[in-house]
Amino acid sequence: MPMAPRVLLFCLLGLAVTEGHGLEAAVPIPGCHLHPFNVTVRSDRHGTCQGSHVAQACVGHCESSAFPSRYSVLVASGYRHNITSVSQCCTISSLKKVRVWLHCVGNQRGELEIFTARACQCDMCRLSRY
């Protein structure tokens, strides 16, 4: 192989590898992580007192899978449970209270405690009842 085509081939391979690393950086980090978000708290619908705070939420992706059920599961379910799925959800594993200072009409001040996430984990998915 002459020298010029060989150099061109290495340059193209280098470009392809470099481009691949750029794409990996755009993919979200796997797992379940704390994520900050702004919260505005009001004492009533009229906003007589209000304040803001950066609270923490749990955001991310956890593992899930589905596969054909074992024969024993098929028999036990009367051949109705033919797919077994396993999944976990990103959840708050511990909370903490934080104090939010409220600014009120007439230069008054107040305070209110709210909950924020302290730690996150991938755990069993549960139905929410809010």
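The backbone N, Cα and C atoms fix where each Cβ goes, glycine too.
According to Swiss-Prot, the protein carries these features:
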- 1-22: signal peptide (SIGNAL)
- CYS32-CYS90: disulfide bond (DISULFID)
- ASN38: N-linked glycosylation site (CARBOHYD)
- CYS49-CYS104: disulfide bond (DISULFID)
- CYS58-CYS120: disulfide bond (DISULFID)
- CYS62-CYS122: disulfide bond (DISULFID)
- ASN82: N-linked glycosylation site (CARBOHYD)
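Fewest other C-beta atoms within 10 Å: among the disulfide-bonded residues CYS32, CYS49, CYS62, CYS104, CYS120, that description fits CYS104. Annotation: CYS32, CYS90 are the recorded positions among CYS32, ASN38, CYS90 whose CA atoms are within 10 angstroms of the CA of CYS120 (disulfide bond). Residue pair ASN38 (N-linked glycosylation site) / CYS58 (disulfide bond) shows a Cα separation of 14 Å. For CYS122 (disulfide bond) paired with CYS90 (disulfide bond), the C-alpha to C-alpha distance reads 5 Å. CYS104 (disulfide bond) has CYS58 as its nearest neighbour among the recorded positions CYS32, CYS58, CYS62, ASN82, CYS90, going by CA to CA distance.
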